[in-house]
Amino acid sequence: MSRKLRGSVWLSISYVLLAVIGVFSVYPALWVVMSSFRTGNSLFSETLIPTAFTLEHYANLFSKYDFARWYTNTLKIALTTTVIGTVLTLLPGYAFSIFRFTGRKTMMSTLMVLGLFPGFMSMIAVFILLNLLNLLNTHLAVILVYAAGAPLFFLFAKSYFDTIPKSLVEAARMDGAGHLSIFFRIVMPLSTPLIVYTALSIFAGSFTDFLFAKLVLRTPETKTLAVGLFDMISSRQATDFTSFAAGCVLIAVPITFLFILLQRLLTEGLTAGAEKG
Amino acid sequence: MQELIAKQSKSGAGKPYSTIATILSVLAMGLGQLYNRQFMKGIILLAVHAITLYTVIFKLPHAVWGLTTLGETQTQLKKVGRLYQQVMGDHSVFLMIEGLVTIFAVIILLWIYVLSIKDSYRTGKLREQGGVPNTFRQTVSFVLSYRFPYLILALPLAGVFFFTIMPIVFMILIAFTDYTSKNMPPAHLLNWAGFDAFRDIFQMKGWNTTFYKVTLWTFLWAILATLTGYFGGFGVALLVQQKRIRFKSFWRTLFILPYAIPMFVSMLILQNMFNGQFGPVNQYLELLGFNRIPWLSDPTWAKVTLVIANFWVSFPVSMLMIIGIMSTIPKDMYEAADIDGASSFQKTRLITFPSVMYSMAPLLIMSFVGNMNNFNVIFLLTNGNPVNSDLQFAGDTDILITWLFKLSMEYGQYSYSSVIGIIIFIILSVFAIWNVRRTKAFKEDTSS
């Protein structure tokens, strides 16, 4: 009896804890969503739920700021980067997992070590390089740099491909399938979680990166969402916080939605990487 | 058939194909292949030879000159007619990058040269033994089927080379120059300054205290950030995965939210939430009768805020991963423990914890390394502030990587920032190499 009682007490405590963590997780997001509907433009508010609702700030984004253009720019960059970057991540992952060749380990460890370095540690150099190539202030530059960095994160892909039974690939080879048809017909269909995970992280990364974009994209026409939004509150001493909040909602909603939608695949992708480390 | 082979080998014997082919290849790439009757290959290699000659004769001297002197003519005003005009001098940085690219290209070309000599020697040997050299089509299909991994690696590696390796090499070179915003190309020429910047950072008063303080905080930060994120995630995972908890996926989805919100958005939001004057956090504290806390303006509180904020964004990932690992632990272990009358605490301590730790240990190291360079959280939340006048170009919460950023992007102290870059590079490499060596992905290979 006492054990059972203890069990149910613990269960109630667990639920309380879960609820507290839930509030803790959701609160900042909720606060921003609420702020975006609040009248006025200051941070300060007596209550979490606004006393008067307004959509003015959302309208402002499109009239006062060039939000629509930022959005198209960002989508263009992020989608292109995702396609190129995913291919560039899957290829080395596949090569390192399936084939044994000279220089394989050296290349793998080099890539892994390089992957640890924050990309912008050498940002001045990349900047000068882009200048030499006459690519400053172009979207192509941003896409190139994002996509070129993607192969450094091949390890997830490699670990995932490692879990695909070798016998499958060998059997196909016996049947005379070429490298490409093995890759597209056998390996790819078995790797949906990996592909989704890779594409999603590259997409989210390039969709929300602001540091490099800010450095390279200098004119208002080329701005991305992250740069635009960042400038909105950093340059004006946070005078227009509520419009910023509305912008945040419009950026975060699609990304958050994607993540939640693909949660299961994400967990699979993450754990496949974790188990193999 | 056998006679034919015997005949061939007889006609081939005696003739030192391999020697002649090797000598010809040393003279010029492709000649050996032409001699071996591999015409297509020979022609291609001859073209490569021409490119090599051109590069070595016309580009290499300029590259070496550029790299050693970093330019000789200063940009200056010259009198042209009656007006003074600016005449562009040498651009040290361009010279450096062009020099690097040229030298890399030459190394690659020389490598091809060596390979072509080896190839003609091998083909020659094959002919001596009576074999027939591959036709061009055979060569191509050989490359396609047996060199396939190299083919698919070429593009990704080229990208990494240009946008990662080259810039890092360039950054290392910058550390040995006198590059600052006051002494910046094209207006000025750079000079090689040797180890001056290193000496300043380690020995010059002000610089060295800043360096030690920032490094200490970097390590402290990385440890705190990693442990809180990991154990927080672990705790939440245990809580959610309890047998009797209902709506597991609902709770998980709720907790993933901080991870799903883009980093720069959530950090800017938190920055506002922790705002000392208007932020809701302080408002609530006041409502509850507490004093306001100077979250972002007091050095110690700013550090606490950073750890809290980082915890908020990082616990969901470790929760997800740990849940994944927990689901792979065999159920019968728990059943056996139940039969033995183990309490749930004992089960957690003796089964769950060791299993999860075993899988997560390498990832913990990686996340420690990641946190050492967790630029986003610090840059977006505190930007290294509060300002500390005792430190050189750094605030109280700056870690090495944000200090590097400030030094180069805000204060134009390029050579100092490159030195910091090299130091980060060294610290990271130690962890990275250690980690790579003990990763399962590598261990697996050694056994196979």
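Quick reminder: no glycine exception, Cβ is built from N, Cα and C everywhere.
Because TrEMBL annotations are produced automatically, they should be read as predictions rather than curated entries.
The feature transmembrane segment is assigned by TrEMBL to A:12-34 (among others). Beyond its flanks by at least six residues, the transmembrane segment (A:12-34) meets 45, 48-50, 245, 248-249, 252, 256 of its own chain at Cβ-Cβ distances under 8 Å.
Taken from TrEMBL, the feature domain 'ABC transmembrane type-1' applies to A:71-262.
Sequence-distant contacts of the transmembrane segment (A:77-99) (same chain, six or more residues past either end, CB-CB distance under 8 Å): 107-108, 111, 139, 142-143, 146-151, 153-162, 164, 169, 183, 187, 191, 194-195, 198-199, 202-203, 206-207, 213, 224. Per TrEMBL, transmembrane segment is recorded for A:77-99 (among others).
Annotated transmembrane segment per TrEMBL: A:111-133 (among others), in sequence order. Residues 92, 141, 145, 149, 151-155, 211-212, 215-216 of the same chain sit 6 or more residues outside the transmembrane segment (A:111-133) yet have a Cβ under 8 Å from a Cβ within it.
Tertiary neighbourhood of the transmembrane segment (A:139-161): same-chain residues 73, 76-77, 80-81, 84-86, 88-94, 96-98, 108, 111-112, 114-115, 119, 126, 130, 133, 187, 191, 193-194, 197-198, 201-202, 205-206, 209, 212-213, 216-217, 222, 224, 269, 272-273, 275-277, selected by CB-CB distance under 8 Å and a gap of 6+ residues from either end. As annotated by TrEMBL, transmembrane segment applies to A:139-161 (among others).
Taken from TrEMBL, the feature transmembrane segment covers A:182-207 (among others).
Within the same chain, residues 29, 32-33, 35-36, 38, 40-43, 57-58, 60-61, 64-65, 67, 71, 196, 200, 203-204, 207-208, 225-226, 228-229, 232-233 sit at least 6 positions outside the transmembrane segment (A:241-262) and bring their C-beta atoms closer than 8 Å to a C-beta of that stretch. Annotation comment: TrEMBL describes A:241-262 (among others) as transmembrane segment.
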